[in-house]
Amino acid sequence: MQAPPPEHCPGVESEQAGQVSACAGCPNQSICSDPNKKREDPGKALVAAALKDVKHKLLILSGKGGVGKSTVTTLLTRYLARSYPDSNFGVLDIDICGPSQPRLMGALGENVHQSGSGWSPVGIDDNVCLMSIGFLLGSVDDAIIWRGPKKNGMIRQFLSEVDWGNLDLLLLDTPPGTSDEHLSVVSYLKDDSSPDSVHAIIVTTPQEVALLDVRKEINFCKKQQIPIVGVIENMSGFQCGHCGHSSEIFPAKTGGAAAMCAEMEVPLLGSLPLDPAIAKACDAGEDITSVKNPTTEALEGICSKIMSSFN
């Protein structure tokens, strides 16, 4: 049996495993530093066992913060759950320092309960459940000031110790960029024997400052050999509710997501407008996907493409 890793452990799969100062005195140092021994995190087997009844895993990524990735995750989940009532969906919020899903899903103040089979995720609807570190905080204003290894440990717990049950799709709301959290979740979910073990959707806005970082996110997925279902362009335009005039709040100076997707050879799933009603509903934790409007019309096509990609 291996001992628990030290606080600043670089990770057993890291090239620095067993070689940095944090490794000094660790009982596992000789194991990690031996190039002849396979460096595979023992937690990976626990994750695989815990998620054996989860058919598909979908990372929701964004290169830039503020593009509405968490809002898009919520909208996708709610629309999918409404459109496929016989399927079960889960949401895992792994934005450890900025958990948004409890508010967006209308679950603020809910508690996570421990059972014999692990943590029980919070039920949102009959076929939707949610897990977030936001449920474990004493107050919504509590700051989480953790280094990478502690975040990674929390992600491993969420993946291996939550009783997700039978899910058709688990959506993972990630922080922006390509940080420790992304490397950690990919290492746990990726199965080399099954290339389709985890997929990704990337969220952007039309302006070049967001697209620059999305290109990096696409390259990250390609290097990690994660199939990209497609890109969603959020806040693509605003239609006045009074006169019907459309305005580009974030002008696409370089062609927007469509041009970038053509350049990077990835699918464009669709575009979502900037809608004040959606923002208001998300702040209140309300489901607005049953109301027919430009956003839900766009979601219909996007969600159909997502589900088709798994068949």
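Glycine too: its Cβ is placed from the backbone N, Cα and C atoms.
Here's what Swiss-Prot has on this protein:
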type    : residues                               : note
BINDING : C9, C23, C26, C32                      : [4Fe-4S] cluster 1 binding site
BINDING : G63, K64, G65, G66, V67, G68, K69, S70 : ATP binding site
BINDING : C240, C243                             : [4Fe-4S] cluster 2 binding site
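Structural mapping of features recorded in Swiss-Prot.
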residue: C9; record: [4Fe-4S] cluster 1 binding site; DSSP class: coil
residue: C23; record: [4Fe-4S] cluster 1 binding site; DSSP class: helix
residue: C32; record: [4Fe-4S] cluster 1 binding site; DSSP class: helix
residue: K64; record: ATP binding site; DSSP class: coil
residue: C240; record: [4Fe-4S] cluster 2 binding site; DSSP class: coil
- [ ] List only the single closest residue to C32 ([4Fe-4S] cluster 1 binding site), chosen from the binding-site residues K64, G66, V67, G68, S70 by CA-CA distance.
- [x] K64
Open item on the list: Around the ATP site formed by G63, K64, G65, G66, V67, G68, K69, S70, list the extra residues of the same chain whose Cβ is within 8 Å of the site's Cβ centroid.
Closed with: S62, P176, V203, T204, T205, A210, N234
- [ ] List the same-chain residues at least 6 positions away in sequence whose Cβ sits under 8 Å from the Cβ of S70 (ATP binding site), in sequence order, or say none.
- [x] D93, D95, S100, Q101, L104, D173
- [ ] By Cβ count within 10 Å, point out the most packed of the binding-site residues listed: C26, V67.
- [x] V67
Task: Candidate binding-site residues C9, C23, C26, C243, pick with smallest Cα gap to K64 (ATP binding site) - done: C9
Open item on the list: In whole Å, how far does the CA atom of V67 (ATP binding site) lie from that of C240 ([4Fe-4S] cluster 2 binding site)?
Closed with: 21
Open item on the list: Between C-alpha atoms, which of these binding-site residues comes nearest to G63 (ATP binding site): C9, C26, C240, C243?
Closed with: C9
Open item on the list: If you compare CA-to-CA distances from G68 (ATP binding site) to each of the binding-site residues C23, C240, C243, which comes out shortest?
Closed with: C240
Open item on the list: So if I draw a 10 Å sphere around the Cβ of G68 (ATP binding site), how many other Cβ atoms end up inside it?
Closed with: 22
Task: binding-site residues (K64, K69), the one with most neighbouring Cβ atoms at 10 Å - done: K69
Open item on the list: I'd like to know which of these binding-site residues, G63, G66, is least surrounded, judged by other CB atoms within 10 A.
Closed with: G66
Open item on the list: If I take the Cα of G66 (ATP binding site) as reference, which of the binding-site residues C9, C26, C240 has the closest Cα?
Closed with: C240
Task: Distance from C26 ([4Fe-4S] cluster 1 binding site) back to C243 ([4Fe-4S] cluster 2 binding site), taken between C-alpha atoms, in Å - done: 67
- [ ] Specify the nearest of the binding-site residues C9, C23, C26, C240 to K69 (ATP binding site), where nearness means the distance between Cα atoms.
- [x] C240
